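Encoded as structure tokens, the structure appears first; notes follow it.
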């Protein structure tokens, strides 16, 4: 699959494909609205998103309580069918596929903030794409840095995301591979196909007291390590001003260690 050049129109599909759009920022987030509207120019789009923000929930699935799946006309999607779910991003994809029919593509985002390196392990945005992949559907996750003023302009990112999604609909993706796409904080210099790099967080816990003297805790994190100087990685590419497109394979086996580990295992 070829990543489209920003100056070259994408190939036209023979019929309007069906695209399921999800996110982790919630149904009212500006990124999913911009993405859904951009995709609707060439696809039949349906939006299924959490009713409240679900950032950093990872690939959680709700199994201990029922889920509510409600149509909403208040999220600003115009004629695009939009549904809110009181669950996780992965729940949204599961319900969207099973209740509304299998789409041709699952798209997640555009996330408020990047998802780079180890972020992929706890990102609800990426988890929605992973859930699409586990259901046998080509899937893409989109995330974006804020600009230097701390603001988000999703219009240009949504336009490129739409073109990339259309290319994937035309060409497909290899089995068990999704695309994780990150937009830089500046006007992009171009597009880079990248490796998932290093973006390590040091977890910290802030403890405070409520008015009754009881402790409560905030779990936070500080970015402590990254490979921002290596433009072949996702973090390095966006730091250099490029759109990062990382092919991510859903294969957790360290195959290069199977032989060595087999020899090292103690006998039963």
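Note that Cβ sites are derived from N, Cα and C of the backbone, with glycine treated the same way.
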*Out of 55, 139, 157, which does Swiss-Prot tie to the same divalent metal cation site as 24, 25, 111?*
55
*Report the residues of the chain - excluding 24, 25, 55, 111 - with C-beta within 8 Å of the mean position of the site's C-beta atoms, for the recorded divalent metal cation site, in sequence order.*
23, 26, 29, 31, 53, 54, 56, 89, 109, 112, 113, 123, 124, 125
_Residues that sit under 8 angstroms from residue 111 (divalent metal cation binding site) by C-beta distance, when 6+ apart in the chain_ = 23, 24, 25, 31, 123, 125, 141, 142, 143, 144
